[in-house]
Amino acid sequence: MSKLIDLGEREILKQIIPRFAEGAGDDCAILQTSGGHLVVTTDPVPPPAAAAIGGDNDPFWMGWLLVTINVSDLAAAGAVPLGFLAAIECESERTTESFERLLEGIRASCAAAQIPYVGGNLREASRLSAVGTAFGICDSYSPLTRVGAKEGDSIISIGQGGVFWRDALRLLDGKDFGPKDSSPVFKPISQIGFVHCLAREHLVRAAMDNSDGLLPSLNELASKNSLGIVLNLEALTVPGLTAEESSNAARYWLGWGDWNVILAVSPAHEDRLFELANASKASAHRIGRFTAEHPGLVTLQRGGNTALAPRLESERFAKDSWMLKGVGEYVRMLKEVPLP
Ligand SMILES: Nc1ncnc2c1ncn2[C@@H]1O[C@H](COP(=O)(O)OP(=O)(O)O)[C@@H](O)[C@H]1O
Ligand SMILES: Cc1ncc(C[n+]2csc(CCOP(=O)(O)OP(=O)(O)O)c2C)c(N)n1
Ligand SMILES: [Mg+2]
C-alpha cells in the first residue's frame, strides 16, 4: 500500500485529487455565474515568518499573513476581491486580548487588500491555527490561469522581489532591517490591487502567484505550458542593498516571501502593461521569457552563462521537504544553491 509521502504534494495533486474534484490545479476555483466568474480560494496559515524568523509571537502577524496568502491567489486570477472568511481553531485558555490581536491582524490585512472580512468559524483546539477563504469576481472578463503562455512571451513579476530575504537575512544576522510595518517579513502585501486592471484589458496570457517561491512557480508555469523558461538573473535587482549584499540580489528573489504574481505577457502588450503599472504606482519587472527550447525546464542566465535552475522546492508530503526540518534548512538551501 503506497503512502502520501511516496508521492509528494505535486503528484498527489496530479494523480489523486483530479479523480475526485473538478477543475483543481490552479490558484483558484472558478465558477461561472450570470454576473461573471466567481473566483474562490482557501489556504491555511503556516507559522508566520514574524515568529519563525523574527521571533515575534504576536498573533497579529498570523492574522495578517492569513489574509495575504489567500488574497494573493485571488490576485493571480485577476479577480476583484469580494469577501474573506476565517475558520479559527484556538485554545480555550488563550486570553481574549491575544485572540483579539489575531482578529486585528485579519482586519488590518483585509483593509489593506480592500476585501471585507465577513465571517468564518471558531472552535477550541490544543493549538492556534486558522484557514482562510477568499472570494472574488471577474465581472466582464475571464479569470487568469496558469495556462496560456506562448513562445516569446515575456515573464513579468508584478511586485518587487528579494525584499523579504534582504530583510530576513539582516534579521537573522542581528542587523537593522527598518520598521516591522514596512517589511514583508512581518506585513507581506499581495498584488490584489493591480493585477485585475491588467486582466480587464486582456494583457495577460497566464498568471500564477509565487507563494512557494519564484523557482517552483516558474517550474510550474514551464510545465503547465509545455514551454521552456529563461530567467534573467541580471534583471533580479533589489532596492536598498549594501555593497556586500548586492552580489546576492538574484538569490534573494528566488525564495518565497514576496507574494508577487508572475505573468506571461505578449511583447505586443508590454508597453501598455508598464504604462498602467506606472499610473497605478505598481511595481512591474520583466525577468525572463518563454522559449520553445527545453519544455518544462527553467534555465538561469547571467550574461553569456547559463545553467539549469536548481531545486528549491517547498513541497509538502515530500521526503526531502525543508518543512520537516524547519526554516533554518530553507535558509541554508537558499544561501547555497549554485547560480551562474
Ligand atoms: N483537498 C483538496 N480537494 C480538492 N482540491 C484540492 C485539494 N487540495 C488542493 N486542491 C486543489 O489543488 C490545487 C493546488 O492547491 P494548492 O497547492 O493549495 O494551491 P496554492 O498553492 O495556490 O494554494 C488547487 O486548485 C486546489 O484547489
Ligand atoms: C510572512 C511569511 N511569508 C511567507 C512565509 C512562507 N510561506 C507562507 S505560505 C507558504 C506556502 C505556500 O502558500 P500557498 O501556496 O498559499 O499554500 P499551499 O500551497 O501550501 O496550500 C509559504 C512557503 C511565511 N511563513 N511567513
Ligand atoms: Mg493551498
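Glycine too: its Cβ is placed from the backbone N, Cα and C atoms.
All annotation found in TrEMBL is predicted automatically rather than curated by experts.
Values in this document were obtained by computation on a predicted structure and should not be read as measured data.
Feature annotation from TrEMBL assigns domain 'PurM-like N-terminal' to 25-137. Marked as Mg(2+) 4 binding site by TrEMBL: Asp27, Thr41, Asp73. What TrEMBL records for Asp27, Asp73, Asp209 is Mg(2+) 3 binding site. Under the heading Mg(2+) 1 binding site, TrEMBL lists Thr42, Asp43, Asn121. According to TrEMBL, the feature Mg(2+) 2 binding site maps to Asp43, Asp73. According to TrEMBL, the ATP binding site annotation covers Gly120, Asn121, Arg146, Ser211. The domain 'PurM-like C-terminal' annotation in TrEMBL covers 151-294. Positions annotated as Mg(2+) 5 binding site by TrEMBL: Asp212.
The distance from the Cα of Asp27 (Mg(2+) 4 binding site) to the Cα of Asn121 (Mg(2+) 1 binding site) comes to 23 Å. Averaged across the domain 'PurM-like N-terminal' (25-137), the predicted model reaches a pLDDT of 97. Of the listed binding-site residues, namely Thr41, Thr42, Asn121, Ser211, the sparsest Cβ surroundings within 10 Å are found at Asn121. Checking the binding-site residues Asp27, Asp43, Asn121, Asp209, Ser211, Asp212 against ligand 2, the ones whose Cβ sits under 6 Å from it are Asp43, Ser211, Asp212. Proximity of the binding-site residues (Thr41, Asp43, Asp209) to ligand 3: a Cβ under 6 Å from the molecule is found for Asp43. Among the binding-site residues listed (Asn121, Arg146, Asp209, Ser211, Asp212), Asp209 has its Cα nearest to the Cα of Asp73 (Mg(2+) 4 binding site). With DSSP states grouped into helix (H, G, I), strand (E, B) and coil, the domain 'PurM-like C-terminal' (151-294) comes out at 58 helix, 27 strand, 59 coil. Ranked by how many other Cβ atoms sit within 10 Å of their Cβ, the binding-site residues Asp27, Asp43, Asp73, Asp209 place Asp43 at the bottom. Annotation: Arg146 are the binding-site residues among Asp43, Gly120, Asn121, Arg146 whose CA atoms are within 10 angstroms of the CA of Asp209 (Mg(2+) 3 binding site). In this structure, the binding-site residues that sit close to ligand 1, with a C-beta under 6 angstroms from any of its atoms, are Asp27, Asp43, Asp73, chosen from Asp27, Thr42, Asp43, Asp73, Asn121, Arg146. Cα distances from Asn121 (Mg(2+) 1 binding site) to the binding-site residues Thr41, Arg146, Ser211, Asp212 are smallest for Thr41.
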